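Swiss-Prot has this to say about the protein:
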- Asn101: N-linked glycosylation site (CARBOHYD)
- 103-139: repeat 'Sel1-like 1' (REPEAT)
- Asn123: N-linked glycosylation site (CARBOHYD)
- Asn142: N-linked glycosylation site (CARBOHYD)
- 143-186: repeat 'Sel1-like 2' (REPEAT)
- 187-222: repeat 'Sel1-like 3' (REPEAT)
- 413-445: repeat 'Sel1-like 4' (REPEAT)
- Asn429: N-linked glycosylation site (CARBOHYD)
- 552-595: repeat 'Sel1-like 5' (REPEAT)
- Asn611: N-linked glycosylation site (CARBOHYD)
- 628-663: repeat 'Sel1-like 7' (REPEAT)
- 768-788: transmembrane segment (TRANSMEM)
Amino acid sequence: MITLLLYLCVICNAIVLIRADSIADPWPEARHLLNTIAKSRDPMKEAAMEPNADEFVGFYVPMDYSPRNEEKNYQSIWQNEITDSQRHIYELLVQSSEQFNNSEATYTLSQIHLWSQYNFPHNMTLAHKYLEKFNDLTHFTNHSAIFDLAVMYATGGCASGNDQTVIPQDSAKALLYYQRAAQLGNLKAKQVLAYKYYSGFNVPRNFHKSLVLYRDIAEQLRKSYSRDEWDIVFPYWESYNVRISDFESGLLGKGLNSVPSSTVRKRTTRPDIGSPFIAQVNGVQMTLQIEPMGRFAFNGNDGNINGDEDDEDASERRIIRIYYAALNDYKGTYSQSRNCERAKNLLELTYKEFQPHVDNLDPLQVFYYVRCLQLLGHMYFTGEGSSKPNIHMAEEILTTSLEISRRAQGPIGRACIDLGLINQYITNNISQAISYYMKAMKTQANNGIVEFQLSKLATSFPEEKIGDPFNLMETAYLNGFIPAIYEFAVMIESGMNSKSSVENTAYLFKTFVDKNEAIMAPKLRTAFAALINDRSEVALWAYSQLAEQGYETAQVSAAYLMYQLPYEFEDPPRTTDQRKTLAISYYTRAFKQGNIDAGVVAGDIYFQMQNYSKAMALYQGAALKYSIQAIWNLGYMHEHGLGVNRDFHLAKRYYDQVSEHDHRFYLASKLSVLKLHLKSWLTWITREKVNYWKPSSPLNPNEDTQHSKTSWYKQLTKILQRMRHKEDSDKAAEDSHKHRTVVQNGANHRGDDQEEASEILGFQMEDLVTMGCILGIFLLSILMSTLAARRGWNVRFNGAQLNANGNRQQEQQQQQQAQGPPGWDFNVQIFAI
């Protein structure tokens, strides 16, 4: 009997194996179908190919987040937007992964859910599931997958979840995965570890380990460049190292930011011809309004440039618009990729059309024509826009531009730099190269490359007495030239400067690594494209990766996507506690890297959470770096006794510092000090029983629900919010502040929310009401004194007799006073409180 059962089992297993063999792995079919569709949409490249691309590209930054709503959106996309072919491909991938344990199909599924590839919806939970399975199948040998998994555990799947996170946040596990990925050669994982040791985040601070890791990455990056790229023409890449909050007046608002804007690649517009600079170039006074940049069409029959202007000033403005149109195509913008071929064609036609008539051009036209020639010569020299460089044409056009510049005092910087490189590396004329470099050293076109080349020449030809190579390289580094950062770091480490420290050397290598955006941070572009494509969760995932790598701009962008401060009378963002905590962490990390505004925002979030001790610590740190908003906030907290004992004298000192650091806030500062005097006087009169201005104070900072006393203006805010929600439907209320609009390359818009003057000046609602009352009293006093003087009343102003029309009028007023009824005597007193 037992033998019979064994035979039956063997037969059944054989049947199963035969059936399994008869069903082939569908991965080849799925891969073939995936190759027939686009992996992702590139809106920047699409804009570059359009003849009339829109220069105002907007995207939405969500304010609210709910895991339940995300799941609803995911299901809705699958039901309404996914096509039958997509469903078929997905089923093939799932079948290959589940039934055949195909590692390639499993990895493809993880990337589909992580990056919304092939137009599938984002799902962090499924991405985590397939990444875990892929690593199990490959025995943790794929460094890219291990790095993705490490970021998931470091961020808790970007802190998703409701009561419990979908992916647990485990810093220790993330650290182990980072170390494993780094051992397998993942440069990004090494960068994460180097940043952790440099900043002391989740690990003990160790500059020696940080230096070793950053130096190792820097050496590999240096080897990735060819000799021509490193020494002659360093590659130009489109940088997306930008904070998305800077498209919306920064983190704190217009006039309050301490950190310069990171948006350096917006569309260039021609300047106002009425500006002093243009008037000086042209030699006459002119007035002309800035107009949007137009496009130029190429006429293939006669090779002419067709503009879209036909007024009397078109000929003069035409060359200006041609230059800026070509410059935008050459450099690219955040919403439009580079189109060097179109820029080169436009400049070649400009050269063909204007060169025969260059003697008839006015100074303004000559100025911009020279810039066109220099850009065209530079493109011939680098080979951009064509298959290979044309050194002969580059030298000819650049020399022509210098000859025209000598006659019309035009710009010479770009031409001198390129001609210096040609003489140094092509014709080997060192003396002529040095001459060109010296002419270009003080020009705006010098980004540090001049000092970089002179430093190398000073080392190779000391007899030329160019200067100290170390000092020249340091100047090139300070100007931001990327190869100079590495060369200067090597000089420092070799002991050329005995005053340098390990921390300083690690910082230099860190700066070089972070600057190599094209290799170390290509996901910056992916994140920005995801925002334009309305995939904010994909953008958040990309920015979170880069934030872990130590990019300050990515830390701010990731935090901004997770939590934004609400406006006055606006509901706070509805999100999870995990996201809010992670946002604070990223803001704090950015603050430690020099972003003062991020520290203020982190303090504001703690302030809203009524954790006043942490808010005070962040404000104090930002105030030490001269943040106007942080100093103001410290005065406010001392005024109301939030996190510290109430101290009007110290609050006054902080308010005075605001006007000392920035005179634009003089009025706001003085009115706040006046309010302090009034409150101090009332407190003394009532023996500290006045609490009209006291904001809410928590009974227990750890409790979510608090029943503390709330100031009247906060109660009014809540009443207005309840009235709005009562009038709106549930859906309308949910969508009422679902998104905040950001417009790229144009004016800043926030939907229907307008930036109030009170926000710019830093006032609270209670401050405005109090100051209004005080101003009302003063205005009433002045009005009464004026009317009394005109009507002949007997008026004393602070004890002084008011006499506007001489002694005779005074005698008449005294007679009228003697005959008039009682009550016509006024004694106006203004007290200095």
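The backbone N, Cα and C atoms fix where each Cβ goes, glycine too.
On the structure: features taken from Swiss-Prot.
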residue : record                      : DSSP class
Asn101  : N-linked glycosylation site : coil
Asn123  : N-linked glycosylation site : coil
Asn142  : N-linked glycosylation site : coil
Asn429  : N-linked glycosylation site : coil
Asn611  : N-linked glycosylation site : coil
Original post:
Can you tell me how far the Cα of Asn142 (N-linked glycosylation site) sits from the Cα of Asn611 (N-linked glycosylation site), in Å?
Top reply: 43
Original post:
Within 10 Å of the Cβ of Asn142 (N-linked glycosylation site), how many other Cβ atoms are there?
Top reply: 20
**OP:** Pick the one among the glycosylation sites Asn123, Asn429, Asn611 whose Cβ has the fewest other Cβ atoms within 10 Å in this structure.
**Re:** Asn429
Original post:
What is the number of residues in the repeat 'Sel1-like 7' (628-663) that are helix, strand and coil, as DSSP sees it?
Top reply: 28 helix, 0 strand, 8 coil
Original post:
Restricting to the same chain and to residues at least six past its boundaries, which positions have a Cβ under 8 Å from a Cβ of the repeat 'Sel1-like 7' (628-663)?
Top reply: 252, 256, 258, 596-597, 599-600, 603-604, 607, 612-613, 615-616, 618-622, 669-670, 672-673, 676, 679-680, 693-695, 697, 762, 764
Subject >> Contacting positions for the repeat 'Sel1-like 4' (413-445) when only residues 6+ beyond its ends and CB under 8 Å are counted >> reply: 231-233, 371, 373-375, 377-378, 381, 391, 394-395, 398-399, 401-402, 405, 451, 453-454, 457, 461, 464, 466
Original post:
For Asn101 (N-linked glycosylation site), what is the tally of other C-beta atoms lying within 10 angstroms of its C-beta?
Top reply: 14
**OP:** May I ask which of the glycosylation sites Asn101, Asn123, Asn611 is closest to Asn429 (N-linked glycosylation site) if we compare their C-alpha atoms?
**Re:** Asn123
Original post:
Hey, how far is Asn611 (N-linked glycosylation site) from Asn101 (N-linked glycosylation site), Cα to Cα, in Å?
Top reply: 50
Original post:
Distance between Asn101 (N-linked glycosylation site) and Asn123 (N-linked glycosylation site) at the Cα atoms, whole Å?
Top reply: 21
**OP:** Give me the mean pLDDT over the repeat 'Sel1-like 3' (187-222), rounded to a whole number.
**Re:** 97
Original post:
Tally of helix, strand and coil residues over the repeat 'Sel1-like 5' (552-595) according to DSSP?
Top reply: 27 helix, 0 strand, 17 coil
